[in-house]
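A short write-up of the structure that comes next.
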Amino acid sequence: MVDQATLDKLEAGFKKLQDATDCKSLLKKYLNREVFDQCKSLKTALGATLLDCIQSGVENLDSGVGIYAPDAEAYTLFAPIFNPIIEDYHEGFKPTDKHPPTDFGDINTIVNVDPSGKYVVSTHVRCGRSLKGYPFNPCLTEANYKEMEDKVSAIFGTFEGELKGKYYPLTGMDKATQQQLIDDHFLFKEGDRFLQAANACRYWPTGRGIYHNDAKTFLVWVNEEDHLRIISMQKGGDLKTIFQRLVNAVNTIESKLPFSRDDRLGFLTFCPTNLGTTIRASVHIALPKLAKDKKQLEAIAAKFNLQVRGTRGEHTESEGGVYDISNKRRMGLTEYQAVKEMQDGILEMIKMEEAAP
């Protein structure tokens, strides 16, 4: 049973959302009284309540989404609120839809999107993974964090070839290492206010760390927002090489450590926006003619299911005319389709840039 103190907090949070007329989050949009009453007295086997899901969105009324899953079970137990939010964000992924099985496809059909090197500064492909048998951040114990770090760092030690590198735990990190990782844009900081409010930063920095290969083209974040964020990147537009590296790494880790996957939702993540393939394939690209009008740039990108962000990612501005453009869709398509969608859209946008007056 959910205790009275939690129920009181839930009622207060619900009222705060209802009263916030300028709040535009998906949480506010779909958490009506009926849905709230259906969910407020439920608790997952690990003890997570609706409050754990919504407290960040209640505290931060400027959230875009406003909800997180404290553990895997939350997605099914609190389906009355998660399902409509997932359907809205992932553009029509209905409660009856099923995410397709994992398929990285034929890598040979992936190309260098900018062989001339004129437009694309760098290319990144990342995915998120959760370790099977462990909840997400708010429900993890200090011992869980250490145990997970031990398991993944042992696997890092077996990496060979271009994946070979070094693991840097955040605990006890010296200033010189820290500065080097900041200069490389590899270091992640303790979570922002959205993650803090979701209780995603407990026992910091225990169990958190960064692995990168010697060439600095492959990176794993351990226990940041998700258990694992696996990132492959390099200068230029050679999407094929970058995607191949990511696939090799994911397969290597998965052969030794099972990931948390749901038949309907695909790979499970802390935030519902990353479910499914969890893949975000992006380029840092300068398209000076198309970018003269940012609204127009966004409209063109949207035609190809692509999303435009500032140079440093979400909530940032463009620096030197360089934008971060990525695939928007993560659910209801395969990993291969997600990457191919980004590739095809960028190829078209470069053609349009070249044809522009």
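The backbone N, Cα and C atoms fix where each Cβ goes, and this holds for glycine too.
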Report summary line: For the L-arginine site that Swiss-Prot gives as GLY64, VAL65, GLY66, CYS271, the extra residue out of GLU34, GLU225, GLU317 is GLU225
Requested in this report: Using a 10 angstroms cut-off on Cβ to Cβ distances, just flag whichever of ARG229, ARG309, ARG312 is the loneliest among these binding-site residues.
Outcome: ARG312
Query raised in the report: If you draw a 10 Å sphere on the Cβ of GLU225 (L-arginine binding site), how many other Cβ atoms land inside?
Result: 22
Query raised in the report: Which whole-number mean pLDDT does the model give the domain 'Phosphagen kinase C-terminal' (119-356)?
Result: 94
Report summary line: Secondary structure split (DSSP) over the domain 'Phosphagen kinase N-terminal' (9-91) reads 48 helix, 2 strand, 33 coil
Query raised in the report: For ARG309 (ATP binding site), which of the binding-site residues GLY64, VAL65, GLY66, GLU225, CYS271 has the nearest Cα in space?
Result: GLY64
Requested in this report: Compare the Cα of VAL125 (ATP binding site) against each of the binding-site residues VAL65, GLY66, GLU225 and report the nearest.
Outcome: GLU225
